[in-house]
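**Student:** Could you have a look at this structure, given as structure tokens, before my questions?
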Amino acid sequence: QNPTIERKQCTMSNCFDFSKCSTSKKVYIHPMEKRFEESPQSVIYSKILKHFLESNHYTNDPNEACIFLLGIDTTDRDVRSQNYVKNVNDYIESLDPSVWNNGRNHLIFNFYHGTFPDYDDHNLNFDTGEAMIARASSSENNFIKVFDVSLPLFHENHPYEIKESKSERNDDRIENQRKYLVSFKGKRYVYGIGSGTRNLVHHLHNGDDIVMVTTCKHNNDWQVYQDDRCQRDNDEYDRWEYDELLANSTFCLVPRGRRLGSFRFLETLRSGCVPVVISDSWILPFSETIDWNSAAIVVAERDALSIPELLMSTSRRRVKELRESARNVYDAYLRSIQVISDHVLRIIFKRIDNKIELEDHQ
Amino acid sequence: MAIKLNGSSRSFVPSLRVSAFLIFIFFVITYIIIYNVSFSEPSWITQDALKQNIENLDDYDASCSGYSIGRILREQKRILASVRLELTESQVKIEEIRTVQEELQRLIPQKQLELSALEGEIEAAQRQLEELRETQNVKVFLPFSPLQIPRELEQPSQISPNQLDDIIDYSRCSISSFMPVYVDIITSGQSEKEWLNVFQEVIPNLVETPDKACIKIHISNGIASPNTTFNSILFNVGSPIINFQSKSIHVQASKIRSFDFPVDVNHIAVEKVDLTPLLPFQRENLISLIVDNTELNFSAFSSLSAEPSRRPIVIVKCSQENCSLERRRQLIGSSTFCFLLPSEMFFQDFLSSLQLGCIPIILSNSQLLPFQDLIDWRRATYRLPLARLPEAHFIVQSFEISDIIEMRRVGRLFYETYLADRHLLARSLLAALRYKLQIPTREVRRNQAIPLFNSSFTAPKGSVVNVQANFDDEYLLGPLESRVESTSYAYNFTEFQLYSYDFWNIIMSPHYTKEFLVNAAELPTEAEFFEDTKIGFRPIEPGSGAEFSKALGGNRQREQFTVVLLTYERDAVLTGALERLHQLPYLNKIIVVWNNVNRDPPDTWPSLHIPVEFIRVAENNLNNRFVPWDRIETEAVLSLDDDIDLMQQEIILAFRVWRENRDRIVGFPARHHARYGDSMFYNSNHTCQMSMILTGAAFIHKNYLTAYTYEMPAEIREHVNSIKNCEDIAMNYLVSHLTRKPPIKTTSRWTLKCPTCTESLYKEGTHFEKRHECMRLFTKIYGYNPLKFSQFRADSILFKTRLPQNHQKCFKYV
């Protein structure tokens, strides 16, 4: 394990070379040599790179590039994970130092950081230098505002490309009649971090329009740590269908997992359910450009028990607005890997444009 | 869904059409109102509505969410109930956990100590491993044989030998030979035969043929051996032989060369004679001087008697008639100082002076004294050139009484040790020879212990001891290191030079090579920090009690002690005593002396962290307590009664105190001697001055067990055995006699007996009577009471010191 790497407190003005972007905003991807391929690159990173490679921002000339990407997969930095790539440091050392330039103008993608038990180590086990990090599960403590980019967590089978920007939508009347006010089906952890909310949502469960079911089953050793409720919980858990709940709930609980972000967030949005985020200090995806107040409800972890009251007191009009905004945000920025990848660039380009505009103004 | 307004329509009696119309209008208005309430919320309606009583909460959707207040409240109540239930359940669980936690909390200090002890053990084991590696690198091999120097060519036999090397062929006397000695007689008189017997009894490594011997002793009556060869001793019982070319070492009164032994063997007593006590100090005469024959004018002597002195100065001119042996002894015995002139009678008068406690003042610088290159006679005599005779009375009168008594005491001791009878003289001669040739004696396993359980010293069956000792009231007492024996026979050669003086003049025991040495030299304390000298040291880290308890420290390499338990009847008491010693740090072994010869022991005894060895003895004898068993492999011996009840920390403290005072008895209850009327009494009253430590619980150096068993006058042991008492008094007498130091008392303990133990030897009414008697008898045997007083006791450094919070005492209670 690497010793703790102190990350420089960067801003766009001291860690980004705007001059590289003054004429054009091209994206360069560092070559990936065979010798660094320990294992096949993750599907998700391949897809992201593929998108950039095929986009019209791409250039194979580092000299004309504005934004630089690494050819090596940095998405999974959990040292216990199977997909953890050990030789990132070697890879970076092998790069042309003038191009790497201590990470300046680089964008590093990351979905998982830290490891059991506290997942608290936010450094990626390699020196990111002055690079921007686009990451899921950003927390207020490690996220550099207007420099890093907060990413949503998505599966590798998230659609790569959807041309249509408007998804099919049900009639409002049908939407109004969703069977469940709020639902949650997921794991709770009998030990370790991230269990707080998940362990108490069973209080909210009424088996009717509020469905909160959890299972203790996770890893192989859960039985060692199981509590009195596990058996009851597991039985109830099996009675409900995950997708059915998403499709038929007005609100869907999105509590933190081991890490702050979860796949559930995007899944919830996709199924037209309004996310109720319970994940203290999480920086929501693309929060730099998306106003999530209109598309999601954020509840502090300590207020989890008053969620039914909160939701039941939310007017139909507000619910309608939330639903529509959530739909729109998803369709606009999150519906496919392409859209997500593009939006990352757009956020950075917007910063560049703002800066240039500002300078012009002066 | 709707709010029931309290307004009602009043109908009068119109026509049916009008009624129908009115009803229609009413419904329309109602509908509008309801519609407005549900969706448009005009302020006037809400305000108006709030003024009304809400009859049914289920009808009131305050936030237009589709959920009534009632519904929300019910949901909240349900959640509250659920949480409350969990809270109650949790409360019970917390109670359970708290109980467990408290239990664990309580265990923490003990577990920490256990951990600390284990860490200590690991560290100790690692250190030992290192030390073993170190010793494995040392090559051990037998020494080469000494050189054989071809002397025949070098030195024609006519030339007088002038040093020992000229007459010794070392090639016959390897340092590993244990000095084989052959003895025969050249002339066959009665005296020669008697001496032959004496030598045959005394020589440790006697050989039958001269060619195997390193030393050949020829006993002769004034006749030199016809064919003198190398390495021979002419032990002359006749008149001195004058032959300076002789290649024999001569033992005779005069005509002596540098390597000869000036002893007039004919004056050595056949049997020990009674010696005069040291006290009272004052004698009838101050000085006696016997003048046998002199070239000087007798008046040169007689004028001395006219000198002013408090007591008479007696000058006697002797001829054969008026100076019988009795007359001479009477004169010597009644004088404080005996002026001795070189003469034929010198040796006889010299021995008489020592026996009778008259300080020999030798009026000659050339007069040779027995073994004078080894025995420091200055401690017992005073030498003056004859020319100082007129000044001599002044000199001797200037002596402090204590010096005079000390000279008297040491003279008596030299006499008793080296010259008192023929056996002692023979032993001294052999010792002097081996010192000159530097040959260690064979290891004499005189105290080979006999195992109690057939061929085994340890009990066939062991019982588990549940006592979690070593943590004496939350204080760690020391690491449980693996067993380590004290280095034995380490001074085989330094004995001959570095320690020669001590062996002959202080320990007074040069006859056998010693297993241990009581006060061997110590390294400078910083040696424990140098790579090549630190082996075996256990330095104490900087700090207070906690660090102190982790290591032995002190001025010497780490060591352990052996417990010797004397037991007779009480098996249960013994079991308890053994169990109390479980996990005691620095303990090497327990030796149980099974004094009950008529009864076989039970098969099962507690199994401790170290071996418990049972020794079978031939008779129930209290002296068995102090036998230097070969099974004792440490210098430190903790003598214990089976019924004592000491805390482990008391034992550890005493051990640490003993390590700095290795020549003392270090123990717990103190006793003293006191005089009532005109007799000495043994006294166990509480007192501030003590002179004895009970050996029911005391640390004693193993060498003192050897001294007790072999060097202490046999009458004392016999007395102890016959009255079944006083072995402790005897040991205290012995050690004080040898060291002239009192024992050391540690801790506040005044008695040893465990409260629950009942039967005891000491309940006997005659117990004290016997002990008074022992003291008087032993005093008579030694010629004085060797006990010394002590007025302090030893406690640990921080005992009763106020300490800052983060410091710990050395021990909790002592």
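Each residue, glycine too, has its Cβ placed from N, Cα and C.
Annotations per Swiss-Prot:
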TOPO_DOM  B:1-14  topological domain 'Cytoplasmic'
TRANSMEM  B:15-35  transmembrane segment
CARBOHYD  B:ASN36  N-linked glycosylation site
CARBOHYD  B:ASN227  N-linked glycosylation site
CARBOHYD  B:ASN297  N-linked glycosylation site
CARBOHYD  B:ASN322  N-linked glycosylation site
CARBOHYD  B:ASN454  N-linked glycosylation site
CARBOHYD  B:ASN492  N-linked glycosylation site
BINDING   B:ARG570, B:ASN595, B:ASN620, B:ARG625, B:ASP641, B:ASP642, B:ASP643, B:GLU727, B:ASP728, B:ARG771  UDP-N-acetyl-alpha-D-glucosamine binding site
BINDING   B:ASP643  Mn(2+) binding site
CARBOHYD  B:ASN685  N-linked glycosylation site
ACT_SITE  B:ASP728  active site
**Student:** Can you tell which of the recorded positions B:ASN492, B:ARG570, B:ASN620, B:ASP643, B:ASP728 lies nearest to B:ASN685 (N-linked glycosylation site) in space, using Cα positions?
**Tutor:** B:ASP728
**Student:** For B:ASP728 (UDP-N-acetyl-alpha-D-glucosamine binding site), what is the secondary structure by DSSP, using just helix, strand and coil?
**Tutor:** helix
**Student:** Might you list, by sequence position, any residue in that chain lying six or more from B:ASN492 (N-linked glycosylation site) with a Cβ less than 8 Å away from its Cβ?
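**Tutor:** Listed in sequence order, they are B:PRO440, B:THR513.
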**Student:** Any idea what DSSP makes of B:ASP641 (UDP-N-acetyl-alpha-D-glucosamine binding site), helix, strand or coil?
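**Tutor:** Reduced to three states, the DSSP call for B:ASP641 (UDP-N-acetyl-alpha-D-glucosamine binding site) is strand.
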**Student:** Determine, from DSSP, whether B:ASN620 (UDP-N-acetyl-alpha-D-glucosamine binding site) sits in helix, strand or coil.
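**Tutor:** The three-state answer is coil.
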**Student:** Using a 10 Å radius around its CB, how many other CB atoms surround B:ASP728 (UDP-N-acetyl-alpha-D-glucosamine binding site)?
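**Tutor:** There are 25 such Cβ atoms around B:ASP728 (UDP-N-acetyl-alpha-D-glucosamine binding site).
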**Student:** Could you state the whole-number distance in Å separating the C-alpha atoms of B:ASN297 (N-linked glycosylation site) and B:ASN620 (UDP-N-acetyl-alpha-D-glucosamine binding site)?
**Tutor:** 66
**Student:** I want to verify one value. Collapsing DSSP to three states, which class is B:ASN685 (N-linked glycosylation site)?
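**Tutor:** Coil, per DSSP.
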**Student:** Inside 10 Å of the Cβ of B:ARG570 (UDP-N-acetyl-alpha-D-glucosamine binding site), count up the other Cβ atoms and send me the figure.
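**Tutor:** Cβ-Cβ neighbours of B:ARG570 (UDP-N-acetyl-alpha-D-glucosamine binding site) within 10 Å number 17.
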**Student:** Among the recorded positions B:ASN454, B:ASN620, which residue has the largest number of other Cβ atoms within 10 Å of its own Cβ?
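**Tutor:** It comes out as B:ASN620.
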**Student:** Mean pLDDT for the topological domain 'Cytoplasmic' (B:1-14), rounded to an integer?
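**Tutor:** The answer is 44, the mean pLDDT of the model over that range.
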